[in-house]
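Summarising the annotation, TrEMBL assigns NAD(+) binding site to A:71-76, A:105-109, A:129-130, A:142, A:151. According to TrEMBL, the Zn(2+) binding site annotation covers A:184, A:250, A:267. Summarising the annotation, TrEMBL assigns domain '3-dehydroquinate synthase N-terminal' to A:67-179. The domain '3-dehydroquinate synthase C-terminal' annotation in TrEMBL covers A:181-327.
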C-alpha cells in the first residue's frame, strides 16, 4: 500500500493507494470520529462495492446509513443534495456522523458539500472509485454542486479526513472513463512535472491496458503533485500560480461541458480537448512550438481522448468561458503552457488569439 | 464609535458599534476586496436603509447589486438561497464580490451561507439592523438555512470581514423585536458575566425605552462576551463549555419554534421561555434556588418577554428537543446554570426532570 500525506496543518490527511483496500477493515476506523457513518454512493457503484464496504465497517462495529443516488453529472444538483440532507435527518445523523463518499467525482463533490454543510460541517472520507476522482477531485477539498447557470457555482472547501484509492475498483471502470481520468494525469506532467510526463509517454500503453502497478504509480505521482499544490494554496487565493495552474484546459473544457449540456462529454474528455486548445493558444503566444503542440495532442490521443472540441461557434465558446468563475475583475485569465512541464496563469491572450484557437481546435 | 475585535487569527475581524455608521463612507471601503458588492436585504429593511447604504457605497465608487428577499423566518430556506445565487450569477458576480447582509438574523444567516458557498466562498460583511442580530447572530460566523425537518440544519461557519452595528437602525425596530434581542443580551449575563447581569437589572428600563447610550453599551458588552467565547471555540467543537454555553435556553427554545411552526414565536421569545425552563431544570438539579429562578424570570419579564412556553405537550417537546443538533451520541445534552452567571453543559438531567420542568413551565 502506498501512503501520501496532504499537508494542511490541522486539516492534514493521508491518501492510501493500493489494491484491495476496501476489504481491509483496519484502514478506516482510525479516521472515524464516532460509531456512525453514512455512505453516499450511486446506483452504478453501490451494487459493485457497497457490500464490501458495509461488511468491512460492520466488522468494526460501525453503524451505517447507506444513501444511494442516481448516477450522472446531471444529478450533481440541489435535489440530490437535499436527498442527502433528508436521509441524514431521517436517520438522525448528528455532528459526529462521518460521511463517506463511495463513487466518482460527482458523488465525491456532492457528499463533500453535504459534509461541509450538514449541521455546519461533519467529518468526511473519500473513497473514489474512478481514476478521475482518484487523481483529482478526491484530493484538495473542493466540493460543490452545479447550478443551471454554471458548473460548480455553489460549493465549499471541505477537506476529507482520509482518501482511500483502491485500484481494484478501476477494473470495473469503462475504458472511456479510464481515459477521462488519464486526461488529468497527463495534466500534472504538463503543468509541473516533466519527468512524469516522460514516464507517461513511455507507459501510456500499460495504463490504457489497466496495468495495476502502472496505475498505482500514476495515481500516487498525480496525488503527490496535487497535494503539493494544494498545500501551498488551499483556498485557491494565490494571485500567481498555485491551485489555478491545475485548471490547464479547464476553462475551455467547462465551455465544452456547458455548451453541450452536462453529461454528453465526460469531464476528462472536455479537459483533454481543452488542453489541446490551451497548448495551441500557448503556441500562438510564442511559448510552445508546433512540435510541442503535437506532443501534447499525441499523448492525449494515445490515452484514448478527444483532441478537438465540438463546433459550438467560437463566440459561444467565449461567452461560456467568461461565465467561468476563473474570470478576475472582467478579464479572461487562462492557464497556458510557458513550456512543456511549466504552466502559468496569464491574461496575455487577446480575444482574437482565443477566437482563432477555438476555430482551429474544433470540428464537427 | 465603539470598536471591538473578534480574535480568530487570520480570520479576525472588527465590530463597529455606534450611531449613524451607515452614513459614514469611511467605514466600509477598507474591508472590501474588490470594486463590487451585492447587498442582500429584505422588503422591510430595504426601504428604510438601503438608499443610505447605496449612497455611501457609491460615494466611494463601489458598484452595487441589490438583492431584496421577502421578510421572515419562513423564507430562510433553499428557495431564498437560490434566489441569491441566481441574482449573483445574473450580475456576473465573481469571487472578488463582497456580499453585504443588511437586515436581521434571517438575512445575515442567508447572506452568510450564500457567501460561504457561492463559488466556494466570497467575502462577507454583516450590517445587522435588529438588536438580536447585533448582539448575537452577526458575530461568530454561524450561517445557514432551515430544513423542513429542523432549524439551521444546513449551514457553514463563515466569518465576516466586518460587522457594523448602527444603533440608529434600532429606532425603527418594533418593541416586540427589541425585547427579543434583550433575551440574548440577558443570556450573556446569565451564562458568564454576573456584573453585566447586575447592570442589566439596574438599566432594563432604559433599554426597553430605547435609550441609545444604554443600548450601545449593552451591544458592546454582549459582543465582547460573544467574541471571547467564539475566539476560544470557533467551530463549536469544545467538549465542555465553549460556544455551546451560548445555547442556554436554546434547545427548549428551538422546540418551541419547531412545535409552533417557524415565525409564530420570535427566536428571542422562544429563547426567553426556554431560559426559564433551563433555570427551573437547574433548580431541580439543586443548582439554583427558587429565588434564583424568580430573578431570571423577573428580568426577562421586565424586558417584555414571555416566561412560559406554549402547551405543546411535554412528550412532544422532548421529541423536538432530541431532534435538535446538540444531541451527542443519543444523549440529550443541555446547557444549564450552575449558578447565576455560570453555565455548564450537562447530561445530568433525567427524562423525568425534563418532563416535570416542561409541565411546570408551560401554559395555554
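Keep in mind that glycine also has a Cβ here, set from the backbone N, Cα and C atoms.
Excluding A:184, A:250, A:267 themselves, the residues of that chain whose CB lies within 8 A of the CB mean position for the Zn(2+) site are, in sequence, A:132, A:136, A:183, A:187, A:249, A:253, A:268, A:270, A:271, A:274. For residue A:105 (NAD(+) binding site), the nearest neighbour among the listed binding-site residues (A:184, A:250, A:267), judged by C-alpha distance, is A:267.
DSSP gives residue A:105 (NAD(+) binding site) a helix state. Residue A:109 (NAD(+) binding site) sits 13 Å from residue A:267 (Zn(2+) binding site), taking the C-alpha atoms as the reference points.
When the binding-site residues A:71, A:75, A:151 are compared by Cα distance to residue A:267 (Zn(2+) binding site), the shortest distance belongs to A:151. Under a cutoff of 8 A between CB atoms, and with a sequence separation of 6+ in the same chain, the neighbours of residue A:130 (NAD(+) binding site) are A:103, A:104, A:105, A:169, A:170, A:173, A:177, A:180, A:181. The binding-site residues under consideration are A:71, A:73, A:109. Their Cβ neighbour counts within 10 Å are lowest for A:71.
As a whole-number mean, the pLDDT of the domain '3-dehydroquinate synthase N-terminal' (A:67-179) in this prediction is 95.
In this structure, the C-alpha atom of residue A:71 (NAD(+) binding site) lies 23 angstrom from that of residue A:250 (Zn(2+) binding site).
Counted within 10 Å of its Cβ, the other Cβ atoms near residue A:75 (NAD(+) binding site) come to 21, all protein chains included.
Each of the binding-site residues A:73, A:75, A:105, A:109, A:130, A:250 was checked for a CB under 8 angstroms from a CB of chain B; none meets this.
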